[in-house]
Amino acid sequence: MVSPTRDAIQSYMSITGASESLAIQRLEEHGNNLPEAINAHFRDVERSIYDDSSLDTRSDYNVVEDNNHVRGSETRPVNESRPVPGALPSILSAARAFRPSLLLDPNYRRNILRQLSGSALSGSPSPSSHTGEVTGFPAHSTWGNDHTRPPGLGAVGDGYARHSPSYGSQVHGGTHRDADSPVHSNDAEEEMIRAAIEASKKDFQEGRLNTRYSLDNNPSSVLSPREVINREDEDIARAISMSLEMEEHESVLRDQLAEFMPQSVEHHDPCQSNTNESTRYQPGSSSVQDNREDMNQKQPINSSSQHRHDLQNSEGSYPEEWGGIPSKELQEAIMLEKAIFGGVANESASHNNQLGIHKESQSPNQRVVREEPERKAALPIEPSGENEDAITLLVRMPDSSRHGRRFLKSDKLKYLFDFIDAAGLVKPGTYRVVRPYPRRAFSIQDGALTFEELSLTNKQEALFLELLV
């Protein structure tokens, strides 16, 4: 037979308190199976304790002690001392709670001692010098006859007393205990674990109910990122639909107003005049649709085609007089339409009214014609579209036409005003340039600043003119 290993012998000795020879004997009896040998040892101890306690006919097992005196300790013979039954359930509880898998744990003995101390039902008074009477284990002869003592049992008591500083507290106490007191087992621990699991389940269910209640009362309080994006998309779609409805409504109002206004008129602003043939609009010019303007806004605009824009007109010609209304009042009515609908009536005038209107502002037109070449010559060279510092400025005029040109970020704002004045559509000094979002207005006083200083650094910037009152 293979002899037990040294580790198994040391483990058996440290757990049971037996001697080395007894540990070797027990391990050999159980085929070097350490857990079985230890379990057999504690079963023998438990059987011996129950057999010995059943022979005792006395009813008073308990030890009644106080701080300085133990009753009957002087008159009772040493060999009549009996173990205090209060300590036995603790040992039995430790034996029943033993798990072989814990043998490798260095804190195993400490855990056993904690279980023993936790199973004690009463507090421990100060230790007494009468060890035979107080601790329940006789000082000279613990079990009387040696043949009735199980092998290694005496070493068990000594081992526990030696290894456990709280051993005395497990057998001391002023509470009277019987041999029939209940023995603690793992049932209490299982009940505590089961109660903790049930409490955890209950908390989880309450948390789900609270979350569902909060969602029912305030669904917007906990929205996922996808739901937030969907709501934003719905808001954008709603805003676009409202914008389209307003545009249709304005179109209907324009049609109703067109019934009371001339069918063919040339727009002329009192603050602007132009006699240049390239910017004079004749009847029969083609209509420019809004979608074409939007397409042109996304593309770089050639300066040669920036000055060509068509206005909407109808087949009929504008008569010379409308119920005695002079041309000046008619022009004011056209400007009123612009103020109401945010734009200017895109209609061309008849040849007769063109002559009448341009006669009133012939002198300013001549001055603008003379200044146009000078302003065009003062403009810097237009950079190419591949230049990283180039920006395209698209300006919407009051007549809904768009003019654009490329500049460098280092160019001054004055060049933009020169470019607009060179177009001859508005009178210099009567307007300002506005960026819609974030809204910011630029006047001629800002002409010394560069586009980069004015935060006009995007590849394409959309601006519009705002006439000064």
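A Cβ is built for glycine as well, from the same backbone N, Cα and C atoms used for every other residue.
Among the features that Swiss-Prot reports, compositional bias 'Low complexity' is placed at 119-129.
Per Swiss-Prot, compositional bias 'Polar residues' is recorded for 271-289.
The annotation domain 'UBA-like' is assigned in Swiss-Prot to 4-43. A mean pLDDT of 88 is what the model gives for the domain 'UBA-like' (4-43).
As annotated by Swiss-Prot, domain 'UIM 1' applies to 188-207, with the evidence given as sequence analysis. Cβ atoms under 8 Å from those of the domain 'UIM 1' (188-207) belong to no residue of the same chain, restricted to positions at least 6 beyond its ends.
As annotated by Swiss-Prot, phosphoserine applies to SER181 (among others), with the evidence given as a large-scale study or a structure entry.
In the three-state DSSP assignment, the secondary structure recorded for SER224 (phosphoserine) is coil. The phosphoserine annotation in Swiss-Prot covers SER224 (among others) and rests on a large-scale study or a structure entry.
Sequence annotations record features per position, and here Swiss-Prot assigns region 'Disordered' to 119-188 (among others).
What Swiss-Prot records for 264-324 (among others) is region 'Disordered'.
Per Swiss-Prot, region 'Disordered' is recorded for 355-383 (among others).
In the shown protein chains, 8 other C-beta atoms lie within 10 A of the C-beta of SER224 (phosphoserine).
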